[in-house]
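Heads up, the thing below is written out as C-alpha cells.
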Amino acid sequence: MHELSLCESVIETIMDNVRTHHFSQVRRVRLTVGRFAGVETEALRFSFDVVARGTLVEGAELELLEEPGAAWCFDCSETVPLMDRLDPCPRCGGTRLHPTAGTDVMIKDLEVI
C-alpha cells in the first residue's frame, strides 16, 4: 500500500510549511491526484487520517481533485486526452503513447490558521 508512504511525504511537506510560516492549524488539504497515478482514493484517505494523527494536520478535511490523463502519441505526434492508460490514441488509434499528464500526486493548496 504505497498510499501510506505518499501520505507520509505529503504530511512531512505540509508540516515543513507549517513550521516555516508559523501556522497554528491546518483545516483543509487539497491534493491533485492524477488519473494514472495508481492511487486508491479510499486507501489514501485512510492513510491520511492515520499519518496526520498527533500533528497540526489532524482533523483537516482532505479534498481530492482528479487530474485528467493525457499522453503524447508517437504515431500522430499529438498530445491526446486518455481515460485509461492502456487506451489507444483517440485520434489515430495508435498504441505507442507516453503519458504527459495524470501521473502525479501534488499538494494543490492548504487552508490554514
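A Cβ is built for glycine as well, from the same backbone N, Cα and C atoms used for every other residue.
What Swiss-Prot says about this one:
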type    : residues                   : note
BINDING : His2                       : Ni(2+) binding site
BINDING : Cys73, Cys76, Cys89, Cys92 : Zn(2+) binding site
How many whole Å apart are the CA atoms of His2 (Ni(2+) binding site) and Cys73 (Zn(2+) binding site)?
-> 29
Based on DSSP, name the secondary structure state of Cys76 (Zn(2+) binding site): helix, strand or coil.
-> coil
Tertiary neighbours of Cys92 (Zn(2+) binding site) (same chain, Cβ under 8 Å, six or more apart) | Cys73, Asp75, Cys76, Glu78
Enumerate same-chain residues with a sequence separation of six or more from Cys89 (Zn(2+) binding site) and a Cβ-Cβ distance below 8 A; give 'none' if the list is empty.
-> Ala71, Cys73, Asp75, Cys76, Glu78, Val80, Thr95, Leu97
For the binding-site residues Cys73, Cys76, the largest set of other C-beta atoms within 10 Å encircles the C-beta of Cys73
Structural state of Cys92 (Zn(2+) binding site), classified by DSSP into three states = coil
Listed in sequence order, residues not in Cys73, Cys76, Cys89, Cys92 with Cβ within 8 Å of the centre of the Zn(2+) site Cβ atoms | Phe74, Asp75, Ser77, Glu78, Val80, Pro88, Pro90, Arg91, Gly93, Gly94, Leu97
